Amino acid sequence: VVNLLGISITVLFTLLLVFIIVPAIFGVSFGIRKVYMKTLLKIFQWATLRIERGAKEKNHPLYKPYVNGIIAKEPTSLEEEIKEIRRSGSGKALDTPEFELSDIFYFCRKGIETIMDDEVTKRFSAEELESWNLLSRTNYNFQYISLRLTVLWGLGVLIRYCFLLPLRIALAFTGISLLVTGTTVVGYLPNGRCKDFLSKHVHLMCYRICVRALTAIITYHDRENRPRNGGICVANHTSPIDVIILASDGYYAMVGQIHGGLMGVIQRAMVKACPHVWFERSEVKDRHLVARRLTEHAQDKSKLPILIFPEGTCINNTSVMMFKKGSFEIGATVYPVAIKYDPQFGDAFWNSSKYGMVTYLLRMMTSWAIVCSVWYLPPMTRQPEEDAVQFANRVKSAIARQGGLVDLLWDGGLKREKVKDAFKEEQQKLYSKMIV
């Protein structure tokens, strides 16, 4: 038994080395993942047809009712809507500059519309699928349909947990170990071209191995627009793996808060080989200090582009929320990047208020795959008449348009905080202009 176990481990490691690790080091692919994805698509199509036929025979609803967009909203102003209410329920002149009791109905209706069709809160929950992908956690109201379908689902559980999960854990361990070891060794070399060259390729090699650990199938578009030294790369934020997705195709300097534990070990090793920008917890709250550190980095054209996610939190990949203006104030060239995940194979969104990092990674590694598209947009610079907020909104709109995402003005901080008083005061000021 011991001999058989030893032979099995040797064979497994050899297969990992030949078919995954070595191709990842050189950035080549045998096309195994694409064949795997096409096979999954055919299975999903068959399963969907079987489920729909079974649901029709048993006369029960299959999918959760689609509730987005149930309220028809016309792009009208507060003044126009209140005048319409007065026209239908009051005999006074429409332009009477005084309070009318019927005006209350406008604010009541807006409040109820917001509760019924909350365009903010629903961006922090997993995106509903139109069809089942044989993952029990992504199917809202699946019921027993047939023996064949149940057997297929059980077979999928065995494949994902007994084969793919150990394989992915082994690859992730390999990639992280090589990253810590490689960057530590490179960090002892004297500064120069050799150190920069080795640092870039060690990072790239390890990130590519980590991408294989997630069975990530990534399509990159417009690579001629990839970020260059002395610039800032900004992207929409769905998951912590956004960093791995981008860094497996280019070289970046990371920005983030200093952590403890395993993450702290990785950060300390990485900064020895590459000028990443890590902040202490107390420094992160000092916006001017952060801006100065980023400006100094961006002004040095020999340093790698900085990778920043201006939303500051993870959104469920259906929209882009407000970009923090800090990274748009330093005057560097901005390279926008749009990332769009396909939830059909696995949900990449990290709901940090619901799942811890370990639980999230387990869900990722027991999904079928992570499939996404990345678009490199043309570089953008701040116009003379623009302030930082306007520039940030222009970049955000370009990312949303390219990625097919909804462009929202709301701050992603609403995920954990209450609405700022400024938003309430804005509505109060608009109404006061009518009656004062």
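Every residue, even glycine, has its Cβ placed from backbone N, Cα and C.
Listed by sequence, the residues of this chain that lie at least six past the ends of the transmembrane segment (6-32) yet keep a Cβ under 8 A from its Cβ atoms are 167, 170-171, 174, 204-205, 208-209, 211-212. Residues annotated as transmembrane segment in TrEMBL: 6-32 (among others).
According to TrEMBL, the transmembrane segment annotation covers 145-163 (among others). Among residues of the same chain six or more beyond the transmembrane segment (145-163), those with a C-beta under 8 A of the stretch's C-beta atoms are 43, 47, 50-51, 54-55, 134-136, 366-368.
Same-chain residues lying 6 or more positions outside the transmembrane segment (169-190) and placing a CB less than 8 Å from one of its CB atoms are 12, 16, 20-21, 198-199, 202-203, 205-207, 209-210, 212-213, 265-266, 269-270, 272-274, 365. The transmembrane segment annotation in TrEMBL covers 169-190 (among others).
The DSSP breakdown of the domain 'Phospholipid/glycerol acyltransferase' (231-342) into helical (H, G, I), extended (E, B) and coil residues amounts to 40 helix, 26 strand, 46 coil. The domain 'Phospholipid/glycerol acyltransferase' annotation in TrEMBL covers 231-342.
For the domain 'Phospholipid/glycerol acyltransferase' (231-342), the model's pLDDT averages out at 84.
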